[in-house]
Amino acid sequence: YFGTSILTDSDSFQDVVVKIQRPTYNKPFLGGFRNVSTGEEFHNAGSQTKPKKRPDKGIQLFCKETQTVVEKNKPQQTRNTTSTQMTKIGLYVSNMTDKLITPGKYFTAEEYHKRRLEAVIVLQKYFRRWHAINLVQNLKEKKRLRLALEAQEELRKKREKEDKLRREYEKKLNPKTKEDFELLYHDLELWVQEETERINRTLTGAERKAALCALLEEETQLIAYIEMHKLDANVENQQKAILHLLGKCAQPRRWKAYDGKITEMDTQNSLRGKELLEIYHSISTKDIPKDERTSVLLTLRCTVKEHECELTQEIVALIDREVDLMSREVKECNLEGLRKRICTLFLQYIKIPEYNPGIAGLLKVPQDPLKLYKNVYFCHSCEKYLASTEFPIPASSRTIGRCRSCYRLDNEARKRESYLKYRLILEDLRKSEVDYQDDSKIAFLVQLPDLQYLIEHIWNCQSALSACSDLYDLVMVRWDKQYEWSPWNTILLTKEEADAHLKLCNLQKTYEAPFIYRIEQKHIRAKNYFAQIPVMSSFLHRSNNQANAN
């Protein structure tokens with residue numbers, strides 16, 4: 001606002017207040033001038049005032065461009081100007097190429113849409129037929145593949161079972177390990193029980209006693225044959241153990257680089273071990289020519305003479321004796337005892353860390369006598385002091401008990417049970433727990449007798465689903481895979497059932513209530529048995545707290 005004076009009459013002025021409204025839009029420039037010295041711009045009065053509003057007629061009006069249609073006229077010329085010519089006097093136009101067009105039957109929009117609908121139905125019919133044919137062919141192909149897969153799986157199971165039976169037969173025919181002899185004694189016990197039942201069922205009186213005496217003599221002969229095989233197997237296994245020990249001494253140092261490549265480096269100790277291994281292998285080889293044998297003995301003599309002691313002096317004396325006897329054409333069979341003595345003494349030479357530094361970390365008996373007082377226990381059965389690893393201590397045991405050899409001897413004499421099946425189940429269980437990578441511990445605390453009790457007395461040696469009693473096909477897995485394995489979180493199933501069980505997400509919806517109740521009862525029985533073990537009690541309390549929290 002500002003005030004100004006307006007001349008009203010010839011000599012009078014009136015003060016008027018003028019209101020200036022600043023528009024929010026950019027006003028158009030309708031003329032004016034600019035002061036050159038100051039640079040100020042002055043606009044004409046028409047640009048200072050607000051335009052006059054048109055009176056409202058109550059009708060919405062539009063501009064001309066929205067009311068009219070733009071029309072455009074453009075002449076067109078046909079491509080062939082002669083086609084526009086007509087026949088007249090003095091001009092003939094041929095009509096041979098003309099076409100006669102007659103109007104067709106007129107059909108309405110309803111008829112048109114009906115015709116389109118019928119065409120669509122025909123198309124859908126053929127498409128559905130084609131889709132059904134493809135679907136059936138796909139189902140047939142899937143069925144064929146499924147049947148082929150099932151047949152292949154059955155063939156694989158059959159082959160595995162045949163291979164397993166063949167391996168068992170070969171183990172019984174040529175026993176090598178302790179498990180093989182366990183199987184032999186177990187089969188012997190089964191045969192004795194069957195024969196005893198047959199004799200008691202069919203014979204009486206003196207005939208029965210005579211048959212039992214004959215059975216006892218036959219059993220004694222079979223035990224003698226088994227022990228003969230065991231002696232031969234012990235000699236062979238001992239030789240393999242010696243070569244395995246010497247092979248460890250000769251192994252180079254290995255480490256894995258950042259790129260995954262394995263680098264090997266021969267040290268002075270590994271080279272020394274490799275040299276002694278080659279010499280031992282040469283002197284223990286039989287049926288070699290005399291020249292090669294003499295060369296090997298001379299190499300051995302040069303090797304042991306590097307260290308002067310009673311052992312090396314005895315070895316040198318035996319070498320000289322064998323060379324002298326070979327020069328006198330003594331038979332090979334008469335030299336076997338002498339050669340065994342040389343091998344035995346040279347093996348003692350190899351096991352001395354002073355002469356073979358690489359053997360120091362592989363010996364069972366430590367070189368420091370003070371270490372013998374640690375982890376050494378007394379077996380009251382064989383009255384020997386043995387390392388703690390020689391005692392099979394079950395999780396429920398409170399004392400050391402007998403050593404492994406005494407347990408094995410007692411089993412061969414009395415029960416003659418085979419623990420191979422339980423050992424395989426325990427190995428599969430521990431491998432599966434390692435794959436979970438959740439710091440599972442209970443599976444590695446449970447020993448073979450504990451697992452045997454769990455399978456025989458709680459699960460009755462059969463699958464919880466199919467009641468399969470073949471222990472070679474059974475495995476123990478977690479009942480709830482979210483928690484670590486334990487005797488109260490396990491189930492005994494076949495391998496196929498275990499794979500399907502571990503894929504389940506909700507056990508309550510998959511299994512029926514009576515089956516779940518029966519499994520829980522077995523878990524309670526396992527808890528009551530393993531709660532007596534001090535080591536297991538802490539894990540049991542922890543699992544109970546987790547269950548209460550859930």
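Glycine too: its Cβ is placed from the backbone N, Cα and C atoms.
Checked against TrEMBL, the range among 49-79, 142-172 recorded as coiled coil is 142-172. Here the coiled coil (142-172) has long-range neighbours at 179-180, 183-184, 187, 472, meaning same-chain residues at least 6 beyond its ends whose C-beta is under 8 angstroms from one of its own. Mapped onto DSSP helix, strand and coil, the domain 'IQ motif and ubiquitin-like' (236-373) counts 95 helix, 8 strand, 35 coil.
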